[in-house]
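Q: Below is the structure I would like to discuss, written out as structure tokens.
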Amino acid sequence: MAHFTRRMSSIHKETKPHEKHPRFGNLPLSTSGPQDCALTGAALLNTPYLNKGAGFPPEEREAFKLTGLLPQNVQTLDQQVKRAYQQYSTRVDDLAKNTFMTSLGEQNEVLYFRLIQDHLKEMFSVIYTPTEGDAIQNYSRLFRKPEGCFLNINDVGRVHDDLAQWGSPDDIDYIVVTDGEEILGIGDQGVGGILISVAKLVLTTLCAGIHPNRTLPVVLDCGTDSKELLNDDLYLGLKKPRVRGKEYDDFVDVFVQSARKLYPNAYIHFEDFGLPNARRILDRYRPEIPCFNDDVQGTGCVTLAAIMAGLHVSKLKLEDMRMVIFGAGTAGTGIADQVRDAIAADSGKSKDEAAKQIWYSCSPPRRSHFYPPSSDETRCVDKPGLLLKSHDDKLTHAQIDYARDDSEWEGKEGHDLLAVIKGVKPHVLIGTSTRPKSFTKEIVQEMASHVERPIIFPLSNPTRLHEASPSDLNEWTKGKALIATGSPFPPVKYEGKEYEIAECNNSTCFPGIGLGCVLSRSKLLSDKMLVAAVKSLAAQSPALKDPDKGLLPDVINVREISVHIAKAVIQQAVEEGLATQEGIPEGGEDLEEWVREQMWDAAYRPLRFVEKNSAGRHARGEMGVAGAAAQV
């Protein structure tokens, strides 16, 4: 993560902002020109998305009755960032810094995001993983002020009313919802999962300009199976074992139907649901609503983009590729799904035929106090190795499509990964196993003996759980391997020649997909829209021009990456008749500027006073405030 944040830290300084397009300044989500404001005095200072603190210029201080409420000296945003950073730096540890940032965001939204942009080198790991994981684990002990919407399975009848408190039908663009069961690799965190919904929405704003005051973080509290939380008298969630089965499904459905009725334009992002539920819930609602699961689809999309770039370098078509996935969980099946769907879309094959190009191998379960076996791993415990149809009673819903006929493997040497590599002779090897060093020299060299440019992605996080180090892969294949990883790594060398290592970071993909869906007001997020996003990301690969460069674009340009992904998603939505937003430009520069105009920036905009009786909810400071304008 440090390498990623080092590259990201200069986004604000090195990337020149594109000018807003005046022709699109009248759009509802336009970010140019002055903002209407009906608040004055302390009410304005207490509204995070309008507050400028000491940055209010003299004319606004007078117009909005702030004189006497602020120190005399007017500060620039740069000066405010300098002061805030000094305050941040005095915090004794990363968890304290995380708490400081939360407090800052509750006071001044622009300053919060600008501070992160200017110091992302050290702050990304504080506002997201791993420190956000620590904050989630300590949620009930650090709790000061609630963030987001808390829905619990004991009060299903209140779900509609509780959601309705967050605004009118046009107020919410993006919802992130979790049930808290599988958080950031640290497992069941119950109600503390609300913070992953909050953190994910922060990334959508940082990386794609989703308007922060038009988002809603939600947690579905279904209880917890964590004995530690159940025995903690300070735990704030439901103190009961997790509810499962029909009652759970009905609760999720009430949430989805209520959210769609109340906020018909909202895009729903499912995050960190338990492994038995993540794919199943996604499959249920994808045909009905615009929704996305980053654990299932985000990892799959960014990995597929890297695969496409690798296939370009190795001069191989997607429809001719053979791929082995080593791992048991949601990430592996999510990758398999995206690759299968892309093969089907490009070649005209059925999904069943496309799935035959993918071999799925279960890893042995983890035996660690810190990383206990997941539910999918325990299903594979009796039969680690290639998934076969005879394992039917041990396969998850997501794995069934990739189980091979037993007859196909008769007479083979075995079922372990080496045997699979020998039998399949894959072009691509993906690791999502969290089994460190499982891609051994023997396995890698066996693969390299059959293909000219082996494409090998050890994606498990954190770094200590990677299936192999890039330096070893590069050495064992004599510089021929095309490598991408789940964490940032420095370039590697072989015989004096340097090769860049791409990072499969979901932040380069999911925010742009969400932006495209939000701006187009798409009815659904289709397979073809995801493939369009993947192709857009792959098209920005430096390896297309120089095979020694990374397979994915540098995340320093993540907002630019998101513009092009959103553009591709919108165009595909229009082509499929799924876009409902009127006035979408047909393409080219106009569409690009139309997207940019609606991306939120961490910059102060001039305020224009309006009377309350003629002001909208944004001007009255009611956005993101529960109960300010509840629906009936």
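Going from the start of the chain as shown, residues are counted 1 onward.
Glycine residues also receive a Cβ, built from the backbone N, Cα and C atoms like all the rest.
TrEMBL feature annotations, pasted as is:
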ACT_SITE  Y128  active site, proton donor
BINDING   N461, N505  (S)-malate binding site
DOMAIN    105-286  domain 'Malic enzyme N-terminal'
DOMAIN    296-574  domain 'Malic enzyme NAD-binding'
REGION    1-29  region 'Disordered'
Q: State the Cα to Cα distance, in Å, between N505 ((S)-malate binding site) and Y128 (active site, proton donor), rounded to an integer.
A: 13
Q: Taking 10 A as the limit, how many CB atoms besides its own sit near the CB of the residue listed as 'active site, proton donor'?
A: 21
Q: Of all the binding-site residues given, N461, N505, which residue's CB has the most CB neighbours within 10 A?
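A: Max Cβ neighbours within 10 Å, all protein chains included: N505.
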Q: Summarise the model's confidence over the domain 'Malic enzyme NAD-binding' (296-574) as a mean pLDDT value.
A: 87
Q: I'm trying to understand the geometry here, so how far is the Cα atom of N461 ((S)-malate binding site) from the Cα atom of Y128 (active site, proton donor), in Å to the nearest whole number?
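A: N461 ((S)-malate binding site) and Y128 (active site, proton donor) have their Cα atoms 14 Å apart.
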